[in-house]
Amino acid sequence: MQIIRHSEQTLKTALISKNPVLVSQYEKLNAGEQRLMNEAFQPASDLFGPITLHSPSDWITSHPEAPQDFEQFFSDPYRKTPSPNKRSIYIQSIGSLGNTRIISEEYIKWLTGYCKAYFYGLRVKLLEPVPVSVTRCSFRVNENTHNLQIHAGDILKFLKKKKPEDAFCVVGITMIDLYPRDSWNFVFGQASLTDGVGIFSFARYGSDFYSMHYKGKVKKLKKTSSSDYSIFDNYYIPEITSVLLLRSCKTLTHEIGHIFGLRHCQWLACLMQGSNHLEEADRRPLNLCPICLHKLQCAVGFSIVERYKALVRWIDDESSDTPGATPEHSHEDNGNLPKPVEAFKEWKEWIIKCLAVLQK
């Protein structure tokens, strides 16, 4: 295992900058927010640790990239920021997300509620679900895993055409595996920062995807018209478990982070680290490191305390899609289907530690 450990000064500069204007901006944050973010360059911090690499196939090793500090993020001329007229994140589901209509509807509510808390202060809206056929995307059977895949680039074009006027971004979610080009095996997600659209698949997050008995395998793609999407009818959908929900929330917020202009994090263990495979994605935490949190706060303008409180409410309210909704209201809405949040409990404990630092 390799540990990527930066000096205190390097992390401090990455977080605050040496630009007097940005230093002054940082000093205007309240004392609690500065105290939490300063944990970035405290060697003994138990809240934020270094990045660990476990194999040569990990993202940083196999995809060398220049790191992005706060000043580079702030100065990026191509970075998009929500405006008063474009403060909505739209979610578009493609194909079924659950084995029943109720499960599918509840799952997307859970994801919507999580996004509302994670990108606190922005509106999160749902577009009407569509079958794969409506997108007119290319598709194939993966030669290695023998499962159906849809072309990510084609989906991005579809989402761009559907983007509402008040949208900051539109994100597509699907339980069907994605591929970005013929030479690639798969991709978890893909986003276009310029167009403000992204597509993310949760197909590989089911517990059985890599097993010999995976039910989504297709023996052979029949030589039919490229416009015949009937192969997707009743296609296999994994069970919505707590681990699958956690993995879905990670991917969704990571990719939306890219649309805000956050590049892959190379400073500390962080949600915005790249991931090349499922084991690495599981290692990646749900939280943003202080440097990436500073970037997102700059873009959205939230109170860090209120954002963390909203995330705790989402975890505590095991049946609601809305942070802070009453149990009675949500109980009525979802037909008693509990939100599987067991996998989030450890993160809740971490957030509570952060709130203690913020509210000293």
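From the backbone N, Cα and C atoms, a Cβ is placed for every residue, glycine too.
Feature annotations, courtesy of Swiss-Prot:
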ACT_SITE  GLU255  active site, proton acceptor
BINDING   HIS254, HIS258, HIS264  Zn(2+) 1 binding site
BINDING   CYS265, CYS270, CYS289, CYS292  Zn(2+) 2 binding site
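Residues HIS254, HIS258, HIS264 make up the record's Zn(2+) 1 site, and a Cβ search at 8 Å around their centroid adds GLU255, GLY257, LEU262, ARG263, CYS265, MET272, GLN273, GLY274 from the same chain. In terms of local Cβ density within 10 Å, HIS254 ranks first among the binding-site residues HIS254, HIS258, HIS264. Cα of HIS254 (Zn(2+) 1 binding site) to Cα of CYS265 (Zn(2+) 2 binding site): a distance of 11 Å. The separation of HIS264 (Zn(2+) 1 binding site) from GLU255 (active site, proton acceptor), Cα to Cα, is 10 Å. Look at CYS292 (Zn(2+) 2 binding site): DSSP puts it in a helix.
When Cα-Cα distances from HIS258 (Zn(2+) 1 binding site) are compared across the binding-site residues CYS265, CYS270, CYS289, the shortest belongs to CYS265.
Listed in sequence order, the residues LEU262, TRP267, LEU268, ALA269, LEU271, MET272, GLN273, LEU288, PRO290, ILE291, LEU293 complete the 8 Å Cβ shell around the Zn(2+) 2 site centroid, once CYS265, CYS270, CYS289, CYS292 themselves are left out. Within 10 Å of the C-beta of GLU255 (active site, proton acceptor) there are 19 other C-beta atoms, taking all protein chains into account. Cα of CYS270 (Zn(2+) 2 binding site) to Cα of HIS264 (Zn(2+) 1 binding site): a distance of 9 Å. Within the same chain, residues at least six positions away from CYS265 (Zn(2+) 2 binding site) with a Cβ under 8 Å of its Cβ are ILE51, LEU271, MET272, GLN273, CYS289, ILE291, CYS292. Cβ neighbour count for CYS270 (Zn(2+) 2 binding site) (all protein chains, 10 Å cutoff from its Cβ): 25.
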